[in-house]
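So that you can see what the record holds, here are the features copied from TrEMBL:
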| type | residues | note |
| --- | --- | --- |
| DOMAIN | 43-294 | domain 'G-protein coupled receptors family 1 profile' |
| TRANSMEM | 27-50 | transmembrane segment |
| TRANSMEM | 62-84 | transmembrane segment |
| TRANSMEM | 104-126 | transmembrane segment |
| TRANSMEM | 146-170 | transmembrane segment |
| TRANSMEM | 198-223 | transmembrane segment |
| TRANSMEM | 244-267 | transmembrane segment |
| TRANSMEM | 273-296 | transmembrane segment |
Amino acid sequence: MPFRNSSDLSPSSFILASIPGLEAAHFWMAILLCSMYIVAVTGNCAVLFIVKTEPSLHAPMYFFLCMLAAIDLALSTSTVPRVLSFYWFNTREISFGACLVQMFLIHTLSAIESTVLLAMAVDRYVAICHPLRHAAILTNTATAKIGLVAMARGVVFFLPLPLLLLPLPFCNSRVLSHSFCLHQDVMNLACANTTANVVYGLTAIMLVMGLDAILICLSYILILKAVLRLASWKERLKVFSTCIAHICVVLAFYVPLIGLSVVHRFGKDLAPLVHITMGNVYILVPAVLNPIIYGVRTKQIQRRILNLIHIYNN
């Protein structure tokens, strides 16, 4: 395999991981992934369309939901088509540059999603604990600014990841552990000291996803305190039920993220199937579940979906 130039040992490409002994099942695995991808794209596009066309949903919580849908579309589209190409056409090689771009998109979009989930938690906190000030605090302008801050935060913290990999030599294996590129996976293939990469990667994750998770938990502690002050259990359940969808979406995002991190940190001896499965779960499951969760929990979205189905059938 040719190198990019004679002055370094960075490869021209990496090899995406396959599951030993299951090559014959790649076609059916691709069918499953493709079906999930279609559900994710359809569901998130439906959320964007319904929120845009339903005036009663023009509120900060649903604008944040639109941001979440757009992020999930971008994240799944930046990875799944390439994975499907690998499974269906056995195109296992991905160029060095394409790998770095894909890595940047995955980590940056994940950071943006984490920030949006935190903003949604703050929205729930203000709506429950300070309902009279909700409209004044979370205006449309404030919501747009939060979206821009989320984007800037993701780019600033995770742009250095691929840049720190550029000078590293890769003189050993070029085979990745996943069907797409992740920072830790690529970094582990380098045959040089990666202390700076490890320290910066952990710092970025802790200052973004870790801090967001702590603040989301803090928001819900304050929400629970406010809910428990209500007079009756019926009132408490009614108020707290407005948070159920968000809690489910948070779990759908953080549980696969933590699972993938644990597999990378402690599962070096695990079967390739575990690594590949956890990677696909991390990329696709939130994108599939998020529109379903909010579709089930939001009556306005339910009504619009039923109306669209009724119009289509007629």
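Counting starts with 1 at the first residue shown.
Note that Cβ sites are derived from N, Cα and C of the backbone, with glycine treated the same way.
Owing to the predicted nature of the structure, the values given are computational and were not obtained by experimental measurement.
Between the transmembrane segment (146-170) and the listed ranges 27-50, 104-126, 198-223, 244-267, the one holding the most Cβ pairs under 8 Å is 104-126. Long-range neighbours of the transmembrane segment (62-84) within the same chain, counting only residues 6 or more positions beyond its ends whose Cβ lies under 8 Å from a Cβ of the stretch, are 16, 30, 33-34, 37, 40-41, 44-45, 47-48, 51-52, 94, 102, 105-106, 109-110, 112-113, 116-117, 119-120, 123, 140, 143-144, 146-147, 150, 179-180, 249, 280, 283-284, 286-287, 290-291, 294.
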